[in-house]
Amino acid sequence: MLGLRPPLLALVGLLSLGCVLSQECTKFKVSSCRECIESGPGCTWCQKLNFTGPGDPDSIRCDTRPQLLMRGCAADDIMDPTSLAETQEDHNGGQKQLSPQKVTLYLRPGQAAAFNVTFRRAKGYPIDLYYLMDLSYSMLDDLRNVKKLGGDLLRALNEITESGRIGFGSFVDKTVLPFVNTHPDKLRNPCPNKEKECQPPFAFRHVLKLTNNSNQFQTEVGKQLISGNLDAPEGGLDAMMQVAACPEEIGWRNVTRLLVFATDDGFHFAGDGKLGAILTPNDGRCHLEDNLYKRSNEFDYPSVGQLAHKLAENNIQPIFAVTSRMVKTYEKLTEIIPKSAVGELSEDSSNVVHLIKNAYNKLSSRVFLDHNALPDTLKVTYDSFCSNGVTHRNQPRGDCDGVQINVPITFQVKVTATECIQEQSFVIRALGFTDIVTVQVLPQCECRCRDQSRDRSLCHGKGFLECGICRCDTGYIGKNCECQTQGRSSQELEGSCRKDNNSIICSGLGDCVCGQCLCHTSDVPGKLIYGQYCECDTINCERYNGQVCGGPGRGLCFCGKCRCHPGFEGSACQCERTTEGCLNPRRVECSGRGRCRCNVCECHSGYQLPLCQECPGCPSPCGKYISCAECLKFEKGPFGKNCSAACPGLQLSNNPVKGRTCKERDSEGCWVAYTLEQQDGMDRYLIYVDESRECVAGPNIAAIVGGTVAGIVLIGILLLVIWKALIHLSDLREYRRFEKEKLKSQWNNDNPLFKSATTTVMNPKFAES
């Protein structure tokens, strides 16, 4: 399997990576060497005979190399396949910029294989250049100049390469509203100047196939007429997609492919087609008919990502020749489209030849190393060691700038498989160049153990040995094929080793031997696996102070629960069986109002730690025990002579006590003062009752009634006196006013009410005579 050694740099990187990954081996239910190798890059398998003891699982054979060596497995018995890379050069000759041309990888899951790819930029590499021009009306001056540039463009290419070809295509936009005016007259002549001869709008027209004939270029371009549309953005991405998707129609060779995109405005992209009721996404296929993109009104514009993928797939490098106001817009576009460049185009395109030369030099001096699409099970990273001293590590693609002619640069490619893969291959290429590296990937998952299949005695003659373990014949099972199934299926035997249908065989911690679980021995010190289904062990219990069940001195673990030794208790035997910390000064546990657990009181509701003596939030007992105080001291009240039964928790004291002072009314309405001193326990008090009661005499009913009647009468008399006084004052005031008016009046002999019956009238004419 091994051929040429991989380069030293790749080998060093691979070994250093392997050292890191080999420090651990995470495994689960491993029963073969292949399953062990698939568990991780740090796992190795011991094929030594009798390496496992009675009850040991086969998974004991799978561990890190240091662990297996420590357990007595010889180095020759350890199976540890590694990922390898074999390189093969192409000896067919020809100018190759990438080497090697073929690499074969043998990949172990989780372990990378590394190899080097060298790129050497060649001088005079063949070039195909396709000039794609915007023919909207604003590009009128540019079209005039481009018609004269055929010879200049080809001469510029010949300065760079000995084999250059040029082609030409043009675009405007989709021929539906709102992109163009769909009035019949405007469709025939979309230009604002009616006297100007214009061609109808179109999405994309392939004018000239790639050729080295500059006269033909000049002739065909000279026939082109300007056109027009409505909105500012153009349908340039539509045209670029067709140029990339139609290699045969365009005439692309397998050489450096340049696409010059000349415009003075922006571009429509995916989703804009909805404005014209075009809902079908762009399919990225060639739809040229008679050199026209006639189905442009059926498909939406392509997305930028879709176009970038198509350009990279066909190894086309776009050069955006745009006017000054659009430079920033297209610079943003080049960040998404790899291996692309932007040049500032003069208003009349007079500098296009110089622009193309500069852009080509910029593109060819930067190298991107990338690969085609891969399944999720393969991961590829690149380390770039550029000639200018710059290094990029662990990148999704290789990237070097400032690459000079005939100066080699190196990329280290690391490929990792996440699982055992099927045989497959992928291609690595330098974007914009035609050379490729074919990488064939093979799985490295099998163990090449010593062939002992003929020695059947080690398996009781009922099987053969494979990598240290027996593979039994039909009808026999067991570690050494010692168990005969006797017609029972393996499923039936395994069913006896399951707790229920949803559980795994022997809880995953034992082997099912002849229908019975043989529990594994554990690598963990002190762990014993047992039980009918190996469901129990001596370690999976609660811990205290970092030890199972508080340590051997406190208790032992039995099937998930701690059994504590005498003197200890608790779910993890964390508590000592003593109540010293719970005793009050009277040596009563938690004052009779709680429970002592782990030498700490757990008080009844409301009572406070540490000894459950106080209950700040509890209701006052005064009102509850007034009847008891009355019967204990005075032998009165509702309890009467049945006081001892009604008040069992109270004890009468003849001497004053300390505690809660109460003052309540008894059944006779007298105030009784007493003091309650709480004793140990619930509702237990020592009570001292004051002998004197404050009894209030009954009310004098006659005095109350007489006083009430007298008060009402007096109030009535007082109101009458006040009313009479007010009437008198009002009459007095009226009389005095009458007296004043009488003094002011003057009387004569004439009756002021009499009117004379005689009326005298003077004749005015009498005086004139």
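Cβ coordinates are placed from backbone N, Cα and C, and glycine is handled just like the others.
Now, the feature entries from Swiss-Prot:
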| type | residues | note |
| --- | --- | --- |
| BINDING | Ser136, Ser138, Glu234 | Mg(2+) binding site |
| DISULFID | Cys25-Cys43 | disulfide bond |
| DISULFID | Cys46-Cys73 | disulfide bond |
| DISULFID | Cys191-Cys198 | disulfide bond |
| DISULFID | Cys386-Cys400 | disulfide bond |
| DISULFID | Cys449-Cys467 | disulfide bond |
| DISULFID | Cys483-Cys514 | disulfide bond |
| DISULFID | Cys519-Cys534 | disulfide bond |
| DISULFID | Cys564-Cys573 | disulfide bond |
| DISULFID | Cys590-Cys601 | disulfide bond |
| DISULFID | Cys615-Cys618 | disulfide bond |
| DISULFID | Cys622-Cys662 | disulfide bond |
| DISULFID | Cys631-Cys643 | disulfide bond |
| DOMAIN | 24-74 | domain 'PSI' |
| MOD_RES | Gln23 | pyrrolidone carboxylic acid |
| MOD_RES | Ser745 | phosphoserine |
| MOD_RES | Ser756 | phosphoserine |
| MOD_RES | Thr758 | phosphothreonine |
| MOD_RES | Thr759 | phosphothreonine |
| MOD_RES | Thr760 | phosphothreonine |
| TOPO_DOM | 23-700 | topological domain 'Extracellular' |
| TOPO_DOM | 724-769 | topological domain 'Cytoplasmic' |
| TRANSMEM | 701-723 | transmembrane segment |
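Put simply, Glu234 (Mg(2+) binding site) is 75 Å from Cys519 (disulfide bond) when counted between their Cα atoms. Here Glu234 (Mg(2+) binding site) is compared against the disulfide-bonded residues Cys43, Cys73, Cys643, and the shortest C-alpha distance is to Cys43. Beyond the ends of the transmembrane segment (701-723), by six or more residues, the same chain brings no residue to a C-beta distance below 8 angstroms of the stretch. Set side by side, the recorded positions Ser136, Ser756, Thr758, Thr759 differ in how many other CB atoms lie within 10 angstroms of their CB, and the most is found at Ser136. Rounded to a whole value, the Cα-Cα separation of Ser136 (Mg(2+) binding site) and Cys618 (disulfide bond) is 92 Å.
Between the C-alpha atoms of Cys46 (disulfide bond) and Cys191 (disulfide bond), the distance comes to 83 Å. The average pLDDT the prediction assigns to the topological domain 'Cytoplasmic' (724-769) is 76. Each residue in Asp134, Leu135, Tyr137, Met139, Val172, Gly228, Asn229, Ala232, Thr263, Asp264, Asp265 lies on the same chain as Ser136, Ser138, Glu234 and has a C-beta within 8 Å of the C-beta centroid of that Mg(2+) site, without being one of the site residues. According to DSSP, the domain 'PSI' (24-74) comprises 17 helix, 5 strand, 29 coil. You'll find the Cα of Cys662 (disulfide bond) roughly 86 Å from the Cα of Cys483 (disulfide bond).
Rounded to a whole number, the distance between the Cα atoms of Cys514 (disulfide bond) and Cys534 (disulfide bond) is 15 Å. Take the CB of Cys590 (disulfide bond) and look out to 10 A: across all protein chains shown you find 26 other CB atoms. Reported as a whole number, the C-alpha separation between Cys643 (disulfide bond) and Cys622 (disulfide bond) equals 17 Å.
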